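Copied over from Swiss-Prot:
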- N170: N-linked glycosylation site (CARBOHYD)
- 1-14: topological domain 'Cytoplasmic' (TOPO_DOM)
- 36-59: topological domain 'Extracellular' (TOPO_DOM)
- 87-91: topological domain 'Cytoplasmic' (TOPO_DOM)
- 113-230: topological domain 'Extracellular' (TOPO_DOM)
- 253-258: topological domain 'Cytoplasmic' (TOPO_DOM)
- 15-35: transmembrane segment (TRANSMEM)
- 60-86: transmembrane segment (TRANSMEM)
- 92-112: transmembrane segment (TRANSMEM)
- 231-252: transmembrane segment (TRANSMEM)
Amino acid sequence: MASAAAAEAEKGSPVVVGLLVVGNIIILLSGLSLFAETIWVTADQYRVYPLMGVSGKDDVFAGAWIAIFCGFSFFMVASFGVGAALCRRRSMVLTYLVLMLIVYIFECASCITSYTHRDYMVSNPSLITKQMLTFYSADTDQGQELTRLWDRVMIEQECCGTSGPMDWVNFTSAFRAATPEVVFPWPPLCCRRTGNFIPLNEEGCRLGHMDYLFTKGCFEHIGHAIDSYTWGISWFGFAILMWTLPVMLIAMYFYTML
């Protein structure tokens, strides 16, 4: 009996085993959370993907697809890690370390990709403004898609343009080419409306009266949407990586004791 207990102790401290079990349970639960959160991102609840797709900077969503794989993999590998720690088998611990390292590298790529492309999109409103001016009212597939997006955002968020209505006046645009300034200086959906979707005062809106015109820009909403996606992919992902690293180091130490 005593010799069996001594043999078990030689194959790894119970404290180390306990740390590995607890650490991997937290990883597997975090992996499930990451999996669920990145599915929410790919569903594009804010419906801003067209803005990112037109610019070619849609890798925030590419990072989300990688994170879906990583979240589920964290769950599976961490579950295996719990079994490896309890079984105290050298081959199982080595397999766990190799698999976790692979998932770790992929998750690093997901976090970095999402964050860098988020920074490109929201660090300066000029890119969003340029897209809006180029594609809004343009007679192309991309133009029609972005026109629908901007119409929806301006109605739902009660905003106009990227920084405000003057975006449509100060710069040339596809909208201006189709609608002279004397007819309407900004899209009619910039006008305040009643509950029945009727403009409060179309002439007052056309003349720029603040009581009848949305004066705030839509960039804050767009930036918030992209930031929300990035938080779910990058910052939560980084938090999981920071927790996983010491667990892997403990597993390496445990491997040397077996």
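For all residues, glycine too, the Cβ spot is worked out from N, Cα and C.
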Could you tell me what the rest of the chain brings near the transmembrane segment (60-86), counting residues at least six beyond its ends with Cβ under 8 Å? 12, 17, 20-21, 24-25, 27-28, 30-39, 41-42, 44, 49, 52, 92-93, 95-96, 99-100, 103, 106-107, 109-111, 113-114, 117-118, 121, 226, 229-230, 232-234, 237, 240, 244, 247, 251, 254
Same-chain residues near the topological domain 'Extracellular' (36-59), Cβ under 8 Å, at least 6 residues beyond its ends: 65, 67-68, 71, 113-114, 116-117, 120-121, 127-128, 131, 135, 142, 145-146, 149, 152, 222, 225-226, 228-229, 232-233, 236
